[in-house]
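A.B. asks: Positions annotated as transmembrane segment by TrEMBL: 12-34, 40-62, 74-99, 160-185, 238-261, 267-295, 316-343.
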């Protein structure tokens, strides 16, 4: 009886759940022990991710220069000079316009609030809605969209300490990211051999194969996301210019960067444009929606499939839950890196599970014939 109970799947998973619950409870009781460690990793997390993203974008250029017999160190310095020139050009050509548009938004904020109130009142007083007395109900509840918006933005502006802290973190990142990027580009090729040293020699080929494929996958994913970010930001900005949206450049940049977040990114990116369009007219809001739909359709059906290719099948509900969890833990950075990290971890786990099955069946020699999916998910792929 006891033996049957031990061999049952219900008993196995019950023990696993109890152990996990016990570990969670223990960690919750001694969380103060891990606070310095968590602070250390949270401080480095953002710069490492930023430097890693740039590394995977620029490393192909290093390899290309090395093919024409340019030493790696010189190639890295040449790329840094090119990158510095590109940043200077970007600052000279685009940043002034962005600053100008942000300044206009701040200066026009009182008029913006008035337009929000006016547009909301006009909408609620339409004949089709007047019979519901929504305007009177909002007055009785003391709900004023303009007041809500003012309080939200005012709360942000009042948090001077948070703003100063964010500026300080940005300055530190601006210093540490280039340093990390330099050493990533200079010594990145040594990472896989150094990791292999921690494993027995008989596993070197397997470990090297796994790490190489992971590296290739992340490289393709980052390159694809960079192209996609550039396309969505540029196309959205041009679309906003065509329909006469104010602050088109700024709104296009926001849409491009937010598109990195799976599923939720396009909705977050269009929110500022819809708010501004609401102060103009409901027709303008419709035009904004049309621009976003066209850009997302072009991206999902043409740009992404040709840049990155087919994706690993991950259920949309899994991605949404993952985004909620990592977003709550690590904010916007977690939402950006959560899905690709999950996909890589999931693939590696499946890979080693296949090895265990082969070992149990005595077919470990077939290791390299084990099929592995090394593509990352994208929200626009059909599930």
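Cβ atoms are placed via backbone N, Cα and C, with glycine included.
Please situate the listed features within the shown structure.
C.D. replies: For the transmembrane segment (238-261), the list of distant contacts is 94, 97-98, 101-102, 104-105, 225, 228-230, 232, 268-270, 272-273, 276-277, 284, 287-288, 290-292, 294-295, 299, 323, 332, 335-336: same-chain residues at least six beyond its ends, Cβ to Cβ under 8 Å.
Panel annotation: around the transmembrane segment (267-295), residues 112, 115-116, 119, 123, 232, 235-236, 239-240, 242-247, 251, 254-259, 261 of the same chain, lying at least six beyond its termini, place a Cβ under 8 Å from a Cβ of the stretch.
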